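Chemist: For reference, the structure I am asking about is given below.
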Amino acid sequence: MAALFVSLLALTSLVPVQGAATVPQTDYAKRAERVLKSAPLIDGHNDLLYAIRRSTNDQIYDGKLPFETSLKGHTDLPRMRKGRMGGQFWSVFIACPSDPNAPINTPKFATRDTLEQIDVARRLVDKYSKDLMYCDNPGCAKRAFREGKIGSFIGIEGGHQVGSSIAALRQAFYAGARYMTLTHNCDNAWATAASTVRAGKPDLGMTDFGPALIKEMNRLGMLVDLSHVSHQTMRDVLKITKAPVIFSHSSAYEVSKHLRNVPDDVLKTVAKNNGVVMVTFVSSFVKVDDPDSADVNTVVKHIFHIAEVAGWDHVGLGGDYDGTTELPKGLEDVSKYPYLIEKVLEAGATEEQARKLVGENVLRVWTEVEQIAKKIQRSGVLPVEEVWKGRNGTALSERSTFIEGPAPLEYGCD
């Protein structure tokens, strides 16, 4: 009888492997490997492209960018493969103006530079097409994973990058961008940034022009990214969006009270919205009181807190690799993802929950955003034409009599 009990106990410590032998419940490395074989690990935010811009001026054909062997930062092909990555949202980041107090309508080159970043993203993926696959929809992302490639998607990190223009946003979408973070570390014509509140200024949330942006992003099927925005902006957007939102690289405010993180009331609303919060690894965000002591378990704590408050359907991963110099011990570069999943399983997550975390959740959100967009478009909703009233620009701040009848040519074109 004792022998039978021991045998039964041994059986309970095993979990089935699809089409293979059983694996001990406590063999977290093998269980993590199984998770990453069955679901694509999709990271919500990586700034490698900005590092390329700063180091090579977006020149990738001269042999000076050894992406296929080893780069100095956090990301290259060998480490992505070691990290079992199945998909990456590449940020086409361009920094805010150097003066955060500069008027929003000050002329700048951010939109031009953003298009150049989209261009280098597409060229990089094409150059390494044996390993990477450019995708602009979730079906393609799944196909890339089945074919053993790393799905590569594009996200814009801040409304300043499209000049606070809905028409410019639309063209960025047509060029391939599939999410836009509403702000970076500067306010724009649509919303207040978290950095503004950190600087001691009031949290004004969305502007009167903000709803027009959300309406158009919903219509296009463009993911609304609420990382970097103020807490009130988060709440304002969640009240009006018709589609799920993402936080491409944010963590839990209750665990670490940094304004870049998401408070519990917003986490609960994200669950109702069916969105996803993709946990970032930046040490000063995940452990604001002692960043140097942050480690992989610190990040696991954020993952579990979001899962407890919002549910396992609403948590994902967005490391912010190559966008920070502060990373927890054990998560030094993109190769460390399997170790993180080991720790998540060791902390008590099921493999089903881990699959949701690594990629199934963000793919579900992306799919729903597309479905809602198709429904909106079928209903006959036209592109938003509204422009920001505070902008500078030829013929937009003045009204001519052209549409009312013959008028003198007020603006020369020759």
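Just so it is clear, glycine is given a Cβ too, placed from its N, Cα and C backbone atoms.
Pasting the feature list from Swiss-Prot:
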- 1-20: signal peptide (SIGNAL)
- His45, Asp47, Glu157: Zn(2+) 1 binding site (BINDING)
- Cys96-Cys186: disulfide bond (DISULFID)
- Glu157, His228, His249: Zn(2+) 2 binding site (BINDING)
- His184, Arg260, Asp320: substrate binding site (BINDING)
- Asn392: N-linked glycosylation site (CARBOHYD)
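Tell me what's around each of these sites.
Modeler: When secondary structure is read from DSSP and collapsed to three states, His45 (Zn(2+) 1 binding site) falls in the strand class.
Of all the Cβ atoms in the protein chains shown, 21 others lie within 10 Å of the Cβ of Cys186 (disulfide bond). Look at Cys186 (disulfide bond): DSSP puts it in a strand.
Sequence-distant neighbours of Glu157 (Zn(2+) 1 binding site) (same chain, six or more apart, CB under 8 Å from its CB) are His45, Ser91, Val92, Phe93, Ile94, Met180, Thr181, His184, His228, listed in sequence order.
Same-chain residues at least 6 positions away in sequence with a Cβ under 8 Å from that of Asp320 (substrate binding site) are, in sequence order, His45, Asn46, Asp47, His249, Thr280, Phe281, Val282.
If you take the C-beta of Asn392 (N-linked glycosylation site) and look for same-chain residues 6 or more apart in sequence within under 8 angstroms, you find Asn105, Pro107.
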Chemist: Applying a 10 Å Cβ distance cut-off over all chains shown, what neighbour count does His184 (substrate binding site) have?
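Modeler: Result for His184 (substrate binding site): 25 other Cβ atoms within 10 Å.
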Chemist: Centre the Cβ atoms of Glu157, His228, His249, go out 8 Å, and tell me which other residues of that chain have a Cβ in range of the Zn(2+) 2 site.
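Modeler: Not counting the recorded site residues, we get His45, Ser91, Gly158, Thr181, His184, Asp225, Ser227, Ser248, Ser250, Asp320, Gly323.
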Chemist: Cα of Arg260 (substrate binding site) to Cα of Cys186 (disulfide bond): how many Å, rounded?
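Modeler: Checking the Cα atoms of Arg260 (substrate binding site) and Cys186 (disulfide bond) gives a distance of 13 Å.
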Chemist: Hey, which of the binding-site residues His228, His249 is the loneliest by Cβ count within 10 Å?
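Modeler: Among the binding-site residues His228, His249, the lowest count of other Cβ atoms within 10 Å belongs to His228.
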Chemist: Starting from the Cβ centroid of His45, Asp47, Glu157, which together make up the recorded Zn(2+) 1 site, report each further residue of the same chain whose Cβ lies within 8 Å of that point, ordered by sequence.
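Modeler: The surrounding set, listed in chain order, is Asn46, Tyr50, Ser91, Phe93, Gly155, Thr181, Ser248, His249, Asp320, Gly323.
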Chemist: Relative to the Cβ of Cys96 (disulfide bond), which residues of the same chain, six or more apart in sequence, are found under 8 Å away?
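Modeler: Correct list: Gly158, His160, His184, Asn185, Cys186.
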Chemist: Tell me, if you would, which residue among His45, Arg260 (binding-site residues) has the fewest other CB atoms within 10 Å in the structure shown?
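Modeler: Each of the binding-site residues His45, Arg260 was scored by Cβ atoms within 10 Å; lowest is Arg260.
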